[in-house]
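**Student:** Here you go, one structure.
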Amino acid sequence: MGTKTSGADSKATKDTLLEDSWSSLVSWEDVPKWLQDNAHIHSSYRKASNSYKRSFASIFHVHNETVNIWTHLVPGLISLPSGWALYSVLKPRYDRATTADVVAMGCFFAGAALCLGMSATYHTVSNHSPKVARFWNQLDYAGIAMLITGSFVPSVYYGFFCDAFKQRLYWTMICSLGVACTAVSVMSRFRTPAWRPIRAGMFVCMGLSAVIPVIDGLLSYGFHQMRLQIGLSWLVTQGVLYVLGAGLYAVCLLYTDSDYTC
């Protein structure tokens, strides 16, 4: 009886220590250098966990990654169901919709799910260890390239619905930029301080590349027709937000010494 009690007490003590090791928060000066990603954020850092289980458990606690996690996790979880719901609502109304229509829109929702999912995962496990933080940070930025590429596909598909050559031309352009941005995000030779401005510039160029087919569409079909075909005002808003995000990324590079977050 005493042995069982002792074993239970030992387990409870171990669980308590385990709880304290990841739920207690520390200041910027108290975390390892690889977690010191931004000296302007002074407190509420999680300790290094060295455990996926403990890092994921921290989702339900408040710390300086909480907003990053939940603002990516929630929309990431609803992106694919939202795509299916949209398909279920629209399909009965548009009998002429083809598999190509579904694939084009599917690229957008898939890109959103991958980007948001990988970003939420990165911010969740960024306190695991240097190796894990670096790996998921690379996937985080690769996900941004996937999102931009995925949102580009339906815009080109509907913007040049009757021009297969231009569809292929602009898809090739955005896929090439996407591969290039992914490469500089995940390949170790490009993950150096010297390449930081180049990485930022490439993401900005990728966002700005949407201007090319938009101008082409305006010259070819006119403002009114492009507004009908691709929802031009929404597309412009999307492009502005992408460029703004890339600009913030570039600014981040100027104020950080970490290779794990920027």
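Positions of Cβ are set from backbone N, Cα and C atoms, glycine also.
What TrEMBL records for 69-90, 102-122, 142-162, 169-188, 200-219, 231-256 is transmembrane segment. For His123, the entry in TrEMBL reads Zn(2+) binding site.
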**Student:** State, in range form, which of 69-90, 142-162, 200-219 has the highest count of Cβ pairs under 8 Å to the transmembrane segment (102-122).
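**Tutor:** Ranked by Cβ pairs under 8 Å, first place goes to 142-162.
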**Student:** The transmembrane segment (69-90): which same-chain residues, six or more beyond its ends, come within Cβ distance under 8 Å?
**Tutor:** 59, 97, 102, 105-106, 108-110, 112-113, 115-117, 119-120, 123-124
**Student:** Tally every other Cβ atom lying within 10 Å of the Cβ atom of the residue listed as 'Zn(2+) binding site'.
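**Tutor:** Step by step: centre on the Cβ of the residue listed as 'Zn(2+) binding site', count other Cβ atoms within 10 Å, giving 25.
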